[in-house]
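Remarks on the structure that follows.
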């Protein structure tokens, strides 16, 4: 079936996990959704009939060819994660999901097709939609099909509507299944009442410095000069050959096109952070070591890449604690973190949990090992009064297919988080939370995000900051109280990424943290121009400051209150918002050349203030300011 999930609804795009983004809804959005839902139902039924006829006769009708053409993905969408796709693409993707899942559910449950027949047909569909090369369609389907068949065979009530509602959770793919919606964790009463936005201290001379590295995406198959425009989701790899046009060859230090990082670039970034900031006290590393060649990942290959990267961190930071979390790419198949009670060897995630429990033990106390081995998460006391929590929130990534099997298993880690924060509160400790997937992203399962925000409302005064990766963008997200949405109560900072995939310049972040309250007071980003580095391949890249945030945006500190006020300022000052966007994309040449118009800037503005998929409350509030801007204020350079 959903090998179809991964591939057919344009799944490689979903697997890749690049920059996420909010999409501002038009005023008639509800009407559009209702029309699209009706269209999907009709298209879904017709597609099933046409596809059944095709599998019976071997002849593809003109109508089925037209339907496949309608469902085909736009190649440039390979660069972006689902919620950054334009709304018109999202509606097509939802149509594809409903049609394909219904068809393959019928083949399995009604016609009793076996594994090999479903795999062969899914590979044919993947080829028809031109998502991957035919041989790579076969590889990625083979990686995933046994998991999907296990899920649908053991969940006979699972429907296409629920499957697509979990994965897309937007537009016409509406999740209505109460089993997936109506679960909760236990939240203790009490806590400090939220009566205003959370303020914080200004940067001081004794602040602690913390380095944030993320999304290294080391590709052992990267080869300088090899094809960077290969037409697949990940290029610059040895098996893709040397192009006839040298301009289409991979750069020495990486490539803006859909390519990951050679080892020398990974090494350079980590070493630069260590060299430039010897006075940093700690290092946060928020995951995604593994490359985007999702059709050919293996356990031994992932083990080698993770081990090599951990050894590099130990060498560069021999006397500094490094706090790591898992990225969605660390597992194979990519994204698919099975619940701990799934012990079947070819499904279990225990191999990666055991691996990192051992490798992270350099920096973590022995008491963290049981939770890491159970689910890839932990807590550690950094110093008296200051605690770190490392989450594995990849389990709530909407492309983790095990959500479809057992949504209730998401409760376990969230309840542990709540209970850990309760103990921290009782001990008078302040907490930083590390997680790979941005909690406010549209690809973070919305019911999980709502439960997370219940926890944050309760412990807003204990949690001082969040640190994320995944998007490759240098950005921040302001959390608002669910009960009192006018109050900003926390901030999530994103480390961007040292990988250029796709269109970015590499970067890392340094935070300044108050040594008494452990609040982030300011932060700086460091980057290099990939174009300049590749023009000078015989020397190391020239790293330089990208910004010092408080100074560049003229704010007193980086508290939730200050960053909420800044977001509102962005809402009435498009030139300043445009400058934030330039920093967010790290002046990547392709981004700057394309520019970001008013609609684009509105999406980036809404992304700052959105905490849960489909919760448009803060977005609607802030773009009301944006839409009132007079035309003459748009005279900034693209």
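Any Cβ shown, glycine's included, is placed from N, Cα and C.
According to TrEMBL, the Zn(2+) 1 binding site annotation covers 215, 217, 288, 472. There are 27 other CB atoms within 10 A of the CB of residue 217 (Zn(2+) 1 binding site), with all protein chains counted.
Taking a C-beta cut-off of under 8 angstroms and a sequence separation of 6 or more, residue 436 (Zn(2+) 2 binding site) has the following same-chain neighbours: 214, 286, 287, 288, 325, 326, 327, 328, 392, 393, 394, 468, 469, 470. The Zn(2+) 2 binding site annotation in TrEMBL covers 288, 328, 436, 470.
For 126-137 (among others), the entry in TrEMBL reads disulfide bond. Here the Cβ of residue 137 (disulfide bond) has 25 other Cβ atoms within 10 Å, regardless of which shown protein chain they belong to.
The disulfide bond feature in TrEMBL is assigned to 230-235 (among others).
Sequence-distant neighbours of residue 236 (disulfide bond) (same chain, 6+ residues apart, CB-CB distance under 8 A): 219, 222, 223, 226, 227, 228, 230, 250, 255, 257, 259, 260. Sequence annotations record features per position, and here TrEMBL assigns disulfide bond to 236-259 (among others).
Just so you know, the Cβ of residue 596 (disulfide bond) picks up 20 other Cβ atoms within 10 Å once every protein chain is counted. Residues or ranges marked as disulfide bond by TrEMBL: 596-600 (among others).
What TrEMBL records for 90-177 is domain 'Saposin B-type'. DSSP assignment over the domain 'Saposin B-type' (90-177) gives 64 helix, 2 strand, 22 coil.
Annotation source TrEMBL lists signal peptide at 1-21.
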Neighbourhood of residue 600 (disulfide bond) by C-beta distance under 8 A, where only residues 6 or more apart in the same chain count: 581
Length of the line joining the Cα atoms of residue 596 (disulfide bond) and residue 472 (Zn(2+) 1 binding site), in Å: 17
Lowest local Cβ density (other Cβ within 10 Å) among binding-site residues: 215, 288: 288
Mean predicted confidence [pLDDT] for the domain 'Saposin B-type' (90-177): 91
Residue 472 (Zn(2+) 1 binding site) versus disulfide-bonded residues 126, 137, 235 - nearest by Cα: 235
Which same-chain residues, if any, lie at least 6 apart from residue 235 (disulfide bond) yet have Cβ under 8 Å of it: 226, 227, 228, 229, 250, 255, 257, 258, 259
